[in-house]
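> Feature list, courtesy of TrEMBL:
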- 81, 83, 124, 145, 167, 194: S-adenosyl-L-methionine binding site (BINDING)
- 42-53: compositional bias 'Basic and acidic residues' (COMPBIAS)
- 368-382: compositional bias 'Basic and acidic residues' (COMPBIAS)
- 92-279: domain 'Ribosomal RNA adenine methylase transferase N-terminal' (DOMAIN)
- 35-63: region 'Disordered' (REGION)
- 353-382: region 'Disordered' (REGION)
Ligand SMILES: C[S@@+](CC[C@H](N)C(=O)[O-])C[C@H]1O[C@@H](n2cnc3c(N)ncnc32)[C@H](O)[C@@H]1O
């Protein structure tokens with residue numbers, strides 16, 4: 001008689017009462033006996049014991065792990081693709097330590113006092129794949145993690161790591177820097193994160209809005225997004241993200257990261273990117289209203305194939321301009337340097353009014369996780 005595994009699909013084998021042992025599930029074509037054996041191996045078999053030690057191979061700290069190399073069932077809604085490959089984890093942490101040392105210009109002879117990492121912030125440490133190693137070098141570093149299960153786990157098994165439960169999209173980077181970066185060489189934050197891909201642009205914009213508080217950020221992102229961030233003008237990937245990131249930072253793709261180093265495996269290749277925030281952003285940025293700059297960049301790229309004289313029609317009518325100047329009229333947005341968007345904004349709107357606000361807070365970022373889920377809760381089911 002045909003039967004199927006029930007409860008949670010074929011991974012959780014629960015035999016339907018009365019069916020013979022040799023029966024094969026009509027869905028996964030695996031017998032009940034095979035499923036039982038797999039379950040036994042997973043719970044207390046030798047493979048499970050082996051993989052419990054996998055965190056030792058990764059770090060030597062030995063946080064408890066499941067067979068999949070992670071400490072709890074990943075939540076897709078929080079973009080939880082955990083790093084499990086020891087070599088990749090070492091490569092990322094080594095690159096971060098190098099970047100900190102470069103930022104602090106630590107002398108090769110070791111004369112300089114090493115930072116204890118009070119200004120190091122990890123976004124979304126999860127189950128500490130990176131922090132296990134980083135906290136040894138930066139004992140005062142801070143983790144911002146939204147998932148209470150991860151925070152509780154780290155408090156128990158990695159108590160030396162200062163991690164707080166927080167939505168990174170609600171973080172006030174300037175306040176954090178004045179609290180934690182005082183006395184650090186640059187007086188700014190060093191940020192690292194393997195982040196949920198669905199909020200990466202929001203995080204980038206929130207860091208940009210607080211650019212004076214951040215020295216550099218080393219972030220994992222989808223390769224495609226990394227290429228957009230670092231794209232030169234006239235390339236296909238050049239767009240809003242490229243303009244904004246390059247106006248405020250010098251982005252550089254460090255290396256690619258294959259799906260195989262994560263659990264669960266994402267569908268896409270990722271990349272580690274470092275964004276070094278500019279000490280001196282273009283002084284003309286202070287002469288335009290950031291809301292106007294945002295409007296011009298967005299509108300220009302909304303119809304990227306069109307000449308600016310056509311794509312900027314709305315803004316032109318808003319400011320009462322009938323013709324764009326020769327400098328801009330027949331150009332397309334991908335032909336403009338990031339800095340030229342400041343000039344274009346200035347030409348359209350004029351200087352920011354003396355009582356105008358050049359503070360960027362809230363200009364680019366839109367929704368926090370809380371707002372998003374509130375909105376999702378309120379939305380009617382489709
Ligand atoms: C891709 S996982 C990476 C976890 C860990 N760093 C690693 O490399 O294995 C992303 C982490 O960010 C956390 N996260 C997601 N949204 C967040 C938010 N808005 N604020 C803070 N952390 C968040 C998730 O809970 C998860 O731990």
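Glycine is no exception: its Cβ is also placed from the backbone N, Cα and C atoms.
Keep in mind that TrEMBL annotations are predicted by a computer and have not been checked by a curator.
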> Just to confirm: which same-chain residues, 6+ apart in sequence, have a Cβ under 8 Å from the Cβ of residue 83 (S-adenosyl-L-methionine binding site)?
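Counting only residues 6 or more apart in sequence, the Cβ neighbours of residue 83 (S-adenosyl-L-methionine binding site) under 8 Å are 89, 92, 129, 130, 194, 261, 262.
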> Counting Cβ atoms within 10 Å across all protein chains shown, which of the binding-site residues 145, 167 comes out on top?
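Neighbour-count leader: 145.
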> What number of additional C-beta atoms lies within 10 angstroms of the C-beta atom of residue 124 (S-adenosyl-L-methionine binding site)?
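Taking all protein chains shown, residue 124 (S-adenosyl-L-methionine binding site) has 23 Cβ neighbours within 10 Å.
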> Which whole number is the mean pLDDT over the domain 'Ribosomal RNA adenine methylase transferase N-terminal' (92-279)?
93
> Far apart in sequence but close in space: which same-chain residues, 6 or more away, have a Cβ under 8 Å from residue 81 (S-adenosyl-L-methionine binding site)?
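Spatial neighbours, sequence-distant, of residue 81 (S-adenosyl-L-methionine binding site): 74, 262, 263, 264, 265, 266.
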> Max Cα distance spanning 81, 83, 124, 145, 167, 194 (S-adenosyl-L-methionine binders), Å?
20
> Sort residue 194 (S-adenosyl-L-methionine binding site) into helix, strand or coil using the DSSP assignment.
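Assignment for residue 194 (S-adenosyl-L-methionine binding site) reads strand.
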